[in-house]
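Annotated GTP binding site per Swiss-Prot: 17-24, 81-85, 135-138, in sequence order. The feature domain 'tr-type G' is assigned by Swiss-Prot to 8-282.
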Amino acid sequence: MAREFSLEKTRNIGIMAHVDAGKTTTTERILYYTGKIHKIGETHEGASQMDWMEQEQERGITITSAATTAQWDGHRVNIIDTPGHVDFTIEVQRSLRVLDGAVTVLDAQSGVEPQTETVWRQATEYGVPRIVFANKMDKIGADFLYSVQSLHDRLQANAHPIQLPIGSEDDFRGIIDLIKMKAEIYTNDLGTDILEEDIPAEYVDQANEYREKLVEAVADTDEDLMMKYLEGEEITNEELMAAIRKATINVEFYPVLCGSAFKNKGVQLMLDAVIDYLPSPLDIPAIKGINPDTDEEETRPASDEEPFAALAFKIMTDPFVGRLTFFRVYSGVLNSGSYVLNTSKGKRERIGRILQMHANSRQEIETVYAGDIAAAVGLKDTTTGDSLTDEKSKVILESIEVPEPVIQLMVEPKSKADQDKMGIALQKLAEEDPTFRVETNVETGETVISGMGELHLDVLVDRMKREFKVEANVGAPQVSYRETFRASTQARGFFKRQSGGKGQFGDVWIEFTPNEEGKGFEFENAIVGGVVPREFIPAVEKGLVESMANGVLAGYPMVDVKAKLYDGSYHDVDSSETAFKIAASLALKEAAKSAQPAILEPMMLVTITAPEDNLGDVMGHVTARRGRVDGMEARGNTQVVRAFVPLAEMFGYATVLRSATQGRGTFMMVFDHYEDVPKSVQEEIIKKNSGE
């Protein structure tokens, strides 16, 4: 089958925002206006097309990033709707990794909110061009210009309106297009009848002022335009649009639009802006990767003529077709039934069927081309972040960084029958979500699951019960502490056992030093002259890794430690891998006596929004929870407090804040970094874990 849409006419976009900014409703309207659905589903009624999981419909939030494809103005637009809740940041991150552009949705009453900052930062890291849609212009307190200002103040973004609203709140009835300098007036509830007319007299001065500001801001990014502007020459609409497109794609400029998705106003103009200003796969730099055979960097330009290269960005279990692997094609063509090489795992995979997804319904297709986003059935070994390439032209693309989980729960099956089902269910859920970990405590046999927050684990346990019919008891949430060394030391590990027959002998000297935060464990072999034979070196490293998994103070995994094996001895007959593994673990125990071991706890960046009258309460909450305030900001008659607070102190805070503010206060938190716990807290943790 020939390519239906050229690369120039393809857009891969994400829709991202703070929870409740109206992101899913915006996507729904896009699907409605592009003819994908015939009846609009409302999120608050639990009928949205994109939020297809039962829990999403009950909670009214988006959990997984559903992918869909739509058509507008002769273009194909592949859309990924991403969650706005911080516990699901990996969904946002892996979507951004495979997108070319994004629409950031703001609530026009609140402007930039905490999670907007998080997703904006992630999009900046990945260099994703963005347009901004100030939604909910019909809401009481909606303020378009405040929203634009918040983009400057909180994100330092070079964002400028290319539209202005006509009226706001109940009176929001149309939009001024600052490029055409025309007014678009909505005359029916479905937003399908739009009258283009002259700008109403009372808005002419404001429109002229903001058109001038727009031209000036865009001219700043384009030398030719700047010359024309300074010489007082007229700048045509085509020139202005071309310059906005160029600056947006270069991530130097962010066009801001307005509307109300719920009231069906502004969505078609936003779709026009997606086509006009966001990049096609040809407008962005060619993807880079490493050739696994030569270790050389290679590029894969977006072209059907190039060898096939794609990135798997999401795994999903579908009740009808089984395991689905979502992937983005960067170059080349792929047919169903063909073989690809998973270069990340070094395994050959067969593509059974290829599906084009629409939320959770699907259409089978024979071929995918460069720039497409699709799902494949039949891949057994591929997980999130793996590269899939032509077997003859191997390349490993940059993978997706996965944040470490910070919270854990114990789960136990209610019956023997549930036990087997639970193992399978947890394995499938972990395949889908790289931030969800499943471990078995070796000593107690308990199953421990870890994730990014209470809601994250709550949703996964709920899915285990609903989708896999597993009944399980769930323990209270626990913090994922870590351990480390704060001082350098040298330690000997000596293990000798003689008891008739073959003995055991291992002897090592290891220097331990603290490593940089986030660098993890690093092992260095500095043995000279074979005092420890080469074949036993891996056993020393393995012994350390295994021992560090259960810390030296309270049994938590050790991080950020360097170990240098520099001396030792061996016995010709009695030395073995096991003996050197044990010797290494004894060296770690010995080092703990002088290396100032410390317990680390996850620190959360907490953003609390509360009425001004409750500011004293909020500051008291932060202090009482061992937190420290990082900044404050007044927004109207509310105060926004940003603080770093240990996760251990945040359990149950929602209830405390609710009662202190009569339900008017809200908070969001996201993991920020690990920090040493105070000595008194460390002693309590050690005591608790030793069962005293």
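Note that Cβ sites are derived from N, Cα and C of the backbone, with glycine treated the same way.
Features recorded in Swiss-Prot, as mapped to the structure shown.
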residue	record	CB count, 10 Å
Ala17	GTP binding site	30
Asp20	GTP binding site	18
Thr82	GTP binding site	27
Met137	GTP binding site	29
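A coil conformation is recorded for Thr82 (GTP binding site) in the three-state DSSP classification, outside any helix or strand. Per-residue pLDDT, averaged along the domain 'tr-type G' (8-282), amounts to 83 for this model. DSSP assigns Ala17 (GTP binding site) to a strand segment in the three-state reduction. In the three-state DSSP assignment, the secondary structure recorded for Met137 (GTP binding site) is coil.
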